[in-house]
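A.B. asks: Pasting the feature list from TrEMBL:
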COMPBIAS  14-27  compositional bias 'Pro residues'
DOMAIN    118-184  domain 'Palmitoyltransferase DHHC'
REGION    1-29  region 'Disordered'
TRANSMEM  40-61  transmembrane segment
TRANSMEM  68-90  transmembrane segment
TRANSMEM  165-183  transmembrane segment
Amino acid sequence: MDLCSKNRTAPVPDGAPPPRIEGPPPRTNGWSWPPHPLQLLAWGLFGFFAVTGLGVFVPLLPPHWLPAGYICTGVMFLSHLVLHLSAVSIDPADLSVRTRSSRAPPPPFDRSKHRHVIENSHCYLCQVDVGAKSKHCSACNKCVSNFDHHCRWLNNCVGSRNYKLFLHSVVSALLGVFLVLVLSS
């Protein structure tokens, strides 16, 4: 047994059934508790760059540049805030997961019965039929249509419902940092 790894289970003897895997209840969106440390760091960095840009660097501009500095910086930070909040707030789950009537915690997954969580477009944890491109996210414990990845900065999965918002949020964050760098020089 490796005491340093996160998986602290003893090896399964030959012929014994594989262990049943139980997961936490499914997350709804990026606001579901607990927040990831990188999500908290993202909010701290947003606040830091907003205060630094609007409160330090813009006031140092020549007086005739002040209105443009405040407008450009304010619009940049506000657009990033709206995009980021939208990407965090959307539930990217597969339609069949979002519309199911039962919100019960998922049953334990028994590897002796099924090799994969999703087989033949049926998720045995979510107990629903899902789309062909859906994947089950182990962090959110739900199926996400066109699953791309689980973003720890958003504390949410990125799938077909929020992929464009995620991409625009990343671009607006980069443009905002670039704007602060330009203002500081």
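Cβ from N, Cα, C; glycine included.
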A.B. asks: If you average per-residue pLDDT over the domain 'Palmitoyltransferase DHHC' (118-184), what number do you get?
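C.D. replies: Looking only at the domain 'Palmitoyltransferase DHHC' (118-184), pLDDT averages out to 92.
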A.B. asks: Let's see if you can do this one: DSSP helix, strand and coil counts over the domain 'Palmitoyltransferase DHHC' (118-184), in that order.
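C.D. replies: DSSP composition of the domain 'Palmitoyltransferase DHHC' (118-184): 22 helix, 18 strand, 27 coil.
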A.B. asks: Using a Cβ cut-off under 8 Å, which residues of the same chain at least 6 positions beyond either end of the transmembrane segment (40-61) come close to it?
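C.D. replies: Apart from its flanks, the transmembrane segment (40-61) reaches 69-70, 73-74, 77, 80-81, 84, 153-154, 176-177, 179-180, 183-184.
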